[in-house]
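**Student:** Quick paste of what TrEMBL says about this protein:
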TRANSMEM  54-73  transmembrane segment
TRANSMEM  85-106  transmembrane segment
TRANSMEM  118-144  transmembrane segment
TRANSMEM  156-177  transmembrane segment
TRANSMEM  183-201  transmembrane segment
TRANSMEM  264-284  transmembrane segment
TRANSMEM  296-316  transmembrane segment
TRANSMEM  328-351  transmembrane segment
TRANSMEM  363-386  transmembrane segment
TRANSMEM  398-422  transmembrane segment
Amino acid sequence: MFPNNAFMNAHEYFYYKLRNVTHDEDPVNTTNTWFIKRQISEEAPTELQRNFEAYLTVYGSVACVLGSILNVFATKSLSNSTRMVWGHALVVVVFIPTIALTFLNFDDDQSMFFNVSMGLISIACFGSLGLMAGGVLGLSALFPSKYTQAVMVGQSFAGVLAAVMSILCQAITSDVILNGQMYFGFSLLMCFISLATYYYLTTLTPPVELDDEINGLIENQDENEVSIEAQASHFPPIDTDSVEVITPQVNWTMYTDILKKSSIDLTTISVVLIVTLAAYPGLTSLVHSTSRNHTWNSYFSAVASFLLYNCGDLIGRSSANSLRLPRKYLLTIAFFRFLLIPLIAMCNVAPRGHTHSMIPYDGVFILLVILLSISHGFCITNATIGATESIEKESRELAGSIISLIGVTAAMMGGILGVLIIKLV
């Protein structure tokens, strides 16, 4: 999740690259964070600045869908480790040129910078949210529900970490170029840490006591050769004492059975993501504070929109397994969340071309973000756990990959809806 969140939270850097260069009267302060914020708040942002978060969501979502489709159909033909290594490799390939772009001047061709950045973002999302996230979610589905929740919490924590990094980089230096270099450099480091952590995971022995036959099988292998898939296949997925190794042949009936048995949960996941991506980050990032406090205005978007949302999402996901709701209640909550979209649009969104702000209060906007984030984390984690538990254990890895595919498809639809809403506002 970190690459996608990294691009979302590096908005100050991208706003600088996509600024109106005709207003560069003061070359010394042009790269200053406060200069960029003042230019956006006091003057109309450029079209590229205004649409950056929305198009980032759409481009990233399309790439996620393609990566998730590949992950679903490769679940039984390519090992989980192979998909994870290739996903990490794609992210590394993306962040190296992304860092290189921070040293280049694109003032004469900002459209090229915008298009190249969107291409790099798409590749990163293809590898991370498409291959890696789907692969890990599919793998966790083979284990008890607390492992699926752990994956969901980890996804949310990535957003918190990215938001905190954005704030720290902004506090350390007011130079947006140096800010971007630090931010993307840390993102590249995170990718290597992730790959090392995954390799460590694959060397761990199964976390349950196995019968003599399986113990003998493992004892005859070097510990480093025990694959993560082998561990998962021997782990009782529903907290039972029995161990049964099943390797079914994938066919279209298996796909349709998964969709039928988890249809309500998949609908909940889809509705939740459509609402969330329609509002966050494209719409919420355009809300400006009405306070006269200079410091609060400077950090308002980073704190009230990005950090607060990700913290709320983390709280919702962390509490999901301890407070389980019936499917019909989750679906009802998911549909009620549609009311949050017009309410957020009524806040102090700037610029506005067709409507007027009806709720110009920072406190109300913060409350709406809290409701959006906590309900998102709670509903999507509950629905994901419910969907995996409704499937037979031999089909759960495939089910996890399908859940990921449905999720990123819904996210793409929400991103497109978010672009339309910004145009209407």
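The count begins at 1 with the first shown residue.
Using the three backbone atoms N, Cα and C, a Cβ is placed for every residue, glycine included.
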**Student:** If contact means at least 3 Cβ pairs within less than 8 Å, sequence distance 6 or more, would you call the transmembrane segment (156-177) and the transmembrane segment (296-316) in contact?
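**Tutor:** Counting Cβ pairs under 8 Å, at least 3, so yes.
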**Student:** Residue list, the transmembrane segment (363-386) vs rest of chain: Cβ under 8 Å, 6 or more residues beyond ends.
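**Tutor:** Here the qualifying positions are 137, 145, 148-149, 152-153, 156, 262, 265-266, 268-269, 272-273, 275-276, 279-280, 284, 287, 304-305, 308-321, 323-325, 327, 330, 333-334, 337, 340, 343-344, 347-348, 403, 407.
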**Student:** For the transmembrane segment (85-106) and the transmembrane segment (183-201), decide whether they are in contact, meaning at least 3 CB pairs lie under 8 A, counting pairs 6 or more apart in sequence.
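**Tutor:** These two segments touch.
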**Student:** Looking at the stretches 118-144, 183-201, 264-284, 328-351, which one shares the most CB pairs under 8 Å with the transmembrane segment (398-422)?
**Tutor:** 264-284
**Student:** State the residues, same chain only, that lie 6 or more residues beyond the ends of the transmembrane segment (118-144) and have a CB under 8 A from a CB inside it; answer 'none' if no residue qualifies.
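**Tutor:** Residues packing against the transmembrane segment (118-144) from afar: 1-4, 7, 55-56, 59-68, 70-72, 75, 80, 83-84, 86-91, 93-95, 97-98, 150-151, 155, 228-229, 232-233, 235-239, 384, 388, 391, 393, 396-401, 403-405, 408.
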